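Step one of this worksheet: look at the structure below.
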Amino acid sequence: KSNNTVMQNHPDPLRFLRVTKQYLPHVARLCLISTFLEDGIRMWFQWSEQRDYIEATWSCGFYLATGFVLLNLIGQIGGCVLVLSRNCVQYACFGLFGIIALQVSEQHVCLSNLALGGGLLLLLAESRSEGKSMFAGVPSMGQSSPKQYMQLGGRVLLVLMFMTLLHFDSSFFSILQNMVGTALIVLVAVGFKTKLAALTLVLWLLAINIYFNAFWTVPAYKPMHDYLKYDFFQTLSVIGGLLLLVALGPGGVSMDEKKKEW
């Protein structure tokens, strides 16, 4: 009875976190790495097309192109499996950082690829909160300072991930979507009402993603299928990062934490 009273006195985000704390981090991780997972699976099924594209783009020859595709496939699938199974999470994140670097070198500078690093930083911060410190022996102002700055970096890069979802056209709904989403992501970035803003943005993006990026309704041979599929998983990764923020909180470098000191 006392537990129910405590839950009723909590704000909605905290009540949601208490109810879902057992499985919310797992859902968040799956959504966050879904872009890597989908890309790795696509490389498996489109092996020859990917290899031929790399060979033609880089003029690097058959074997080097094959090695590049194989490295991307193993790195992404293997990294996702390790993250989801909670084994060697930090090494898996570093491996996925390497995949991002490879893809940036392939596609030149791609904002969406760079911004995925924000989600990986949040995964590193979460693994640190489980007691797996990767900064042993490094002096800091406080015991959890590296984790706090990783969470700050993850929040900032999450803004970049969100910016890739903005649609710059003159329709009323696009303008409304951009205004509402931008206002919420700014609150997330500065760490003010972070859990409430992140959870609201999750629900907003989830509804928009299912309605506007329903790639399964478009035949696979049409170019629009791949376009919508890319947007769908990109949005899903942003949702995963936001859910991880709901589970972890904004960290020490945030207005929510500073208010406690004031």
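A Cβ is built for glycine as well, from the same backbone N, Cα and C atoms used for every other residue.
All annotation found in TrEMBL is predicted automatically rather than curated by experts.
What TrEMBL records for this protein:
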TRANSMEM  62-84  transmembrane segment
TRANSMEM  149-166  transmembrane segment
TRANSMEM  172-189  transmembrane segment
TRANSMEM  196-212  transmembrane segment
TRANSMEM  232-253  transmembrane segment
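With respect to Cβ pairs under 8 Å, the transmembrane segment (196-212) is most closely packed against 232-253, considering the stretches 62-84, 149-166, 172-189, 232-253. Contact between the transmembrane segment (232-253) and the transmembrane segment (62-84) does not hold: fewer than three of their C-beta pairs are under 8 Å, each pair 6 or more apart in sequence.
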